[in-house]
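A short write-up of the structure that comes next.
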Amino acid sequence: MSRGFIRPPRLKKGDTVGIISPSSPPNLEQLDRSLAFLETLGLKWKMGQAVRNKNRYLAGTDDERLSDLHAMFEDPEVKGIICAGGGYGSARYLDRIDYPMIRENPKIFWGYSDITALHTAISQYSDLVTFHGPMLASDVGKPDFHPLSARMFGQLFEPVELHYDETVSPLVSLSGGSALGPLSGGNLSLISASLGTKFAPVFDGVVLLIEDVDEPPYKVDAMLNQLRLSGALSRVAGVAIGDFRYPKDHKGDHTYEDVFDGFFRDFDKPVVSGFKIGHCQPHFAVPLGTQALLDADARTLTVLPGIE
């Protein structure tokens, strides 16, 4: 792998995982319901001190949430960390994280949405492969949690090369060719908000994953334009477009497809849309930081294992 990324050790039955809420307060009923799923995986769990806290729109203060993150990485009993949910707030303490400590204690870190800020920062400053996957309260504890989403947790126990093709969902090739590079990215709003800071993703040579929720098409257009004007899009090897879910009040007169077509039809890098990655069910979980091959002609995405 490039950049010397560290793949964390795999989980084993009987291991303990830590549960944290790095951003907004999770739905506690759904969180409690999700714990039975961890038990079906043969896992024990340890709850962070701030998980059930509430401070306005945050799961406790910045200090409390940061303390949970640090405590779980430092705890030798905890072999992996799974986020309860997203929302807002993980970027508020990026400049206070002990990245050398995380690098010295590599372990599975799993989440998505607002957790994109942590994925990007930990990748950049701890060189750790992390996992973009469904979260406990946001997904696992809901009645519509999909069997494929559940099976994605298997990659934490056994190294497996992931292969996404149209047997999972219909895919659209917006720009042809193939790209090989580390998979990077996540939530488009978080990526866009990080530009101009030292916590922006490394764009050079990556297969950029983007997804988002409740953003109208014109805002997605604006965020993609920001990536274009910043030079980020010109530096990536390719783009994998995950799930984009319309706001509830969307009238349907403008579509995400129109936006993506306008940006990427004449793009000189491979671009494929339609991946069920993001705020959706099923949710195809992927490691971030491992090598990925995006083949726009075959409409496939192949990602190397994220664990040792």
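Glycine is no exception: its Cβ is also placed from the backbone N, Cα and C atoms.
From a predicted model like this one, the values you see are computed outputs, not experimental measurements.
Per TrEMBL, active site, nucleophile is recorded for SER113. Per TrEMBL, active site, charge relay system is recorded for GLU211, HIS279. Here TrEMBL flags 17-133 as domain 'LD-carboxypeptidase N-terminal'. Among the features that TrEMBL reports, domain 'LD-carboxypeptidase C-terminal' is placed at 181-292.
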Request  = Report, in whole Å, the straight Cα-to-Cα distance of GLU211 (active site, charge relay system) from SER113 (active site, nucleophile).
outcome  = 8
Task = Would you mind pulling the DSSP three-state label for HIS279 (active site, charge relay system)?
result = coil
Remark   = Spacing of the two Cα atoms, GLU211 (active site, charge relay system) and HIS279 (active site, charge relay system), in whole angstrom, works out to 8
Message = I'd like the per-state residue tally for the domain 'LD-carboxypeptidase C-terminal' (181-292) from DSSP, helix first, then strand, then coil.
response = 33 helix, 30 strand, 49 coil
Query = Counting only residues 6+ apart in the same chain, whose Cβ is under 8 Å from the Cβ of HIS279 (active site, charge relay system)?
reply = SER113, GLU211, ASP212, VAL213, ASP243, ARG245
Inquiry  = Can you break down the domain 'LD-carboxypeptidase N-terminal' (17-133) into helix, strand and coil residue counts using DSSP?
reply    = 53 helix, 24 strand, 40 coil
